[in-house]
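Have a look at the structure below before the remarks.
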Amino acid sequence: MNLLRMNALTSKARSIERLKQTLNILSIRNHRQFSTIQQGSKYTLGFKKYLTLLNGEVGSFFHDVPLDLNEHEKTVNMIVEVPRWTTGKFEISKELRFNPIVQDTKNGKLRFVNNIFPYHGYIHNYGAIPQTWEDPTIEHKLGKCDVALKGDNDPLDCCEIGSDVLEMGSIKKVKVLGSLALIDDGELDWKVIVIDVNDPLSSKIDDLEKIEEYFPGILDTTREWFRKYKVPAGKPLNSFAFHEQYQNSNKTIQTIKKCHNSWKNLISGSLQEKYDNLPNTERAGNGVTLEDSVKPPSQIPPEVQKWYYV
């Protein structure tokens, strides 16, 4: 009886492992369905990086890359917008057709993140979770002591903490580890903490406690960076919901699911009369193509290299 039971358990374990391998292969194949093309020179107003499909058609990073949520493995897709240690504030455009990655601007000038001593640029690979949306048309209930907040009208942000510096526009399968509810200019702006599934430490980390074991201090450092990073631009310190505590991976998965449902409402067109500044929802399917016109990157202004002591 014990031998039969052991054989059954072994067989089940092998089946689970085969399923994991199959899902991983399918995920890799899905990622190979996409590529990118670039127009203009990086660090200029004309720079755009577009998603393209296998047939050369232009798609949307925001809407055409699948969320690909696996609740058992706690994995999703991530679009890399800003590689670690770089300063350009690149993001998926909400206004332009097909939502290319562009550099954010303010008053017609390109935006760069300030260097908060002792760091240079963004302290993590920074990006977005596709097919999610933080809904600005409704107030979201948070902790018992928190005021309900509206979403920031963007896809969910994520911070990848692995060892590699990732490439802008790349699509990565990442493991969800937790999240931090940033309050930015009175809006809810979740920061989801993830790690690339191909990182050597990914198999050892599945929640906040393991992050502290393998990356001691990184959660506190991340919170302090997000608290202070706008101060050099004359903004006040940012604050956080839930008494500044990170939410665990299970709660974060629920947040991702809610934001995926919000995204479904967005692309349905049912919210057009509720909000004036909704993101562009044009997706692949009409055969639109563009020429790749890569140009060498322009020089970063020297003042961007300045360190700020906050």
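All positions are counted from 1 along the displayed chain.
Yeah, the Cβs are placed from backbone N, Cα and C, and that goes for glycine too.
Checking the candidates ASP185, ASP189, ASP196, ASP199 against Swiss-Prot: the one annotated together with ASP152, ASP157 at the Mg(2+) 1 site is ASP189.
Highlighted in sequence order, GLU134, GLY151, ASP154, LEU156, LEU182, ASP184, GLU187, LEU188, TRP190, LYS191 have their Cβ within 8 Å of the centre of the Cβ atoms of ASP152, ASP157, ASP189, the residues recorded for Mg(2+) 1, and are not part of that set.
The Cβ of ASP152 (Mg(2+) 1 binding site) lies under 8 Å from the Cβ of GLU134, PRO136, ASP184, GLU187, LEU188, ASP189, each of which sits 6+ residues away along the same chain. In the structure as shown, the Cβ atom of ASP189 (Mg(2+) 1 binding site) sits within 10 Å of 21 other Cβ atoms. Non-local neighbourhood of ASP157 (Mg(2+) 1 binding site): TYR126, GLY127, ALA128, ILE129, ASP189, TRP190, LYS191, VAL192, each in the same chain, at least six residues away, with C-beta under 8 Å from its C-beta.
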